[in-house]
Amino acid sequence: MCGIVAYVGDKMAYPILIKGLQRLEYRGYDSAGIALLNSGIHTYKCLGKVNDLEMHAKGEPLSGTIGMGHTRWATHGEPSDANAHPHTSMNGKFTLVHNGIIENYAHLKKELELRGYQFRSDTDTEVLVNLIENIYLEQNVCAEIAVRLALSKVVGAYGLVISCADEQNQLIAARKGSPLVIGVGDKEYYLGSDASPIIEYTDRVIYLNDEDVAIITKDDLVLKNIQNDALKPKIQKIELTIDKINKGDYEHYMLKEIHEQPTSIGDTFRGRIAIDKSKIFLGGITDVMPKLTQAKRIIIAACGTSWHAAMVGEYLFEEFARLPVEVEYASEFRYRNPVITPDDVLIAISQSGETADTLAAIKMAKEKGATILGICNVVGSSIPRETDAGVYTHAGPEIGVASTKAFTSQVTVLAMMAFMLGRKRGSMYDQLYKELIQELTLVPEKIVSILKSESYIKEIAEKYKDATNSLYLGRGYLFPVALEGALKLKEISYIHAEGYPAAEMKHGPIALIDENMPVFVLATKDKSYEKIVSNIQEVKARSGKVIAIVTEGDETIKQLADHVIEVPDSHEAIAPLLTVVPLQIISYYIAVMRGCNVDQPRNLAKSVTVE
Ligand code: G6P
């Protein structure tokens with residue numbers, strides 16, 4: 001998981017690359033580097049962020065109208081100057097930037113060492129660049145052929161941009177498993193791991209498919225596959241605009257994205273709910289609706305926050321569509337030998353649409369004959385292209401590494417799907433269907449009212465910012481929210497946090513509770529309200545500090561808890577969309593108060609395109 005940007009044209013490449021890297025930094029921020037082609041290849045790279053790279057390159061010759069850049073999230077080899085990209089081959093013929101993992105690198109490295117190659121870094125990427133050079137020199141072929149021959153020996157995933165010192169007017173780009181987008185300008189081309197470094201210059205893009213190779217000069221783009229079959233580039237128009245990827249007046253993307261939720265959820269159901277609120281229409285899954293209606297089982301596969309949304313989906317589908325659901329960690333599912341039949345529907349949930357494990361889960365379920373649906377945010381990403389049908393969340397670009405608005409949009413889509421399916425399968429009365437649609441449409445304004453409590457929530461954050469452990473408890477629909485709240489806190493503040501079904505607390509976590517332990521309890525009025533009140537009493541009896549998320553006007557819990565944060569009343573199936581918001585805010589402020597880098601938490605990356 002890394003960010004790649006490149007440029008070929010008449011403009012100076014350096015500022016385009018730096019700006020592009022800043023936009024891509026959310027994909028990885030261990031080290032950064034650039035290479036500029038200008039009578040030779042000039043590479044500048046260092047440990048640290050893009051700002052460090054700018055300092056490092058200051059005063060160096062930075063001209064050149066062709067170049068590439070990279071921001072890294074370390075996989076092979078610790079973050080260091082030497083392991084930073086771009087990597088250059090031993091004899092200086094090739095330079096490349098790479099996103100992905102070359103799985104057979106050890107074997108390839110041994111072969112190259114036997115041929116006299118020496119390595120300066122611990123990366124799999126350096127093996128690849130030397131492999132290309134070795135083929136180029138030994139077989140006396142042009143750069144493009146050397147690249148294609150090398151890639152045919154590679155097992156693993158890659159998004160690559162490559163330059164050859166002998167063919168300095170061109171860049172070669174290739175993809176397998178790691179995304180690459182080419183922006184088409186007027187006598188110029190831009191490349192990016194996603195469209196964010198491109199949209200400032202052009203809205204015409206080509207998404208590379210697996211095993212595509214593009215040979216790019218400022219005047220021409222030739223597309224082929226690694227077997228050398230010519231391909232016709234498909235130029236598409238992208239909707240993404242620059243204001244959507246700016247931080248605006250917010251200090252962090254995460255805070256901006258928390259605040260965007262009334263709008264992003266509105267965007268998720270825009271055009272999908274009839275004006276009279278009597279009907280849901282999800283155009284992306286119309287064709288597979290008969291299959292979905294008759295499915296024997298739904299499997300939902302995802303990772304991270306998307307997996308928490310999947311769990312909410314399980315409760316929704318079971319309750320309203322009366323369908324058995326299994327929620328799977330994609331990384332586990334793909335390596336088991338699960339029983340999957342053509343009567344199953346697999347729903348893959350992913351903000352980025354690029355998570356390697358989720359993609360692999362899709363491929364496996366597809367081979368076993370299941371129908372595959374996707375719920376993704378990034379339009380044109382890999383997962384939507386692998387699925388039979390799907391629904392985009394339309395939450396807009398999510399840049400903060402800790403997912404917020406993507407989660408609420410995923411849950412919104414799952415709710416719409418479950419209600420629609422419930423109606424189609426006859427397991428839901430029309431009146432309830434309409435009531436729930438009405439409830440969904442009220443979510444944006446209810447979140448607006450929750451956001452008004454931000455400064456009050458910040459005061460609570462102040463009280464618990466020095467905690468070392470914390471517990472999140474919920475029941476039913478709010479158990480996945482407890483998991484998500486705990487994940488948010490640990491991701492960005494590095495406080496240990498565990499989410500638990502409230503009743504399970506007695507089977508272990510209760511032993512941890514003392515006067516230093518903040519316990520966040522999701523306790524809105526639903527069918528398990530009385531039980532959760534008892535759980536709060538159990539925590540208080542052990543001197544734990546209770547921060548309860550309650551329904552507006554709840555007087556009972558106010559008497560018991562140390563703090564209550566109120567959310568507007570709603571049907572319990574809708575409550576995850578509301579109750580998660582105070583937990584996002586509390587994590588955000590605790591992390592800020594602890595001086596943590598909220599948008600770029602240590603060791604994490606926005607999307608994990610490697611196993
Ligand atoms: C990473 C991110 C998480 C995200 C997870 C799944 O771990 O840091 O925020 O939930 O990947 O990503 P996806 O793009 O598939 O939803």
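Residue positions begin at 1 at the first shown residue.
Each Cβ is built from the backbone N, Cα and C atoms, and glycine gets one as well.
Annotated active site, nucleophile per TrEMBL: Cys2, in sequence order. Around Cys2 (active site, nucleophile), taking its Cβ as the centre, 28 other Cβ atoms fall within 10 Å, counting all chains.
Feature annotation from TrEMBL assigns active site, for Fru-6P isomerization activity to Lys606. For Lys606 (active site, for Fru-6P isomerization activity), other Cβ atoms within 10 Å of its Cβ number 25.
In the predicted model, the domain 'Glutamine amidotransferase type-2' (2-219) shows an average pLDDT of 94. Sequence annotations record features per position, and here TrEMBL assigns domain 'Glutamine amidotransferase type-2' to 2-219.
Feature annotation from TrEMBL assigns domain 'SIS' to 288-427 (among others).
Annotated domain 'SIS' per TrEMBL: 460-601 (among others), in sequence order.
Cys2 (active site, nucleophile) sits 9 Å from Lys606 (active site, for Fru-6P isomerization activity), taking the Cα positions as reference.
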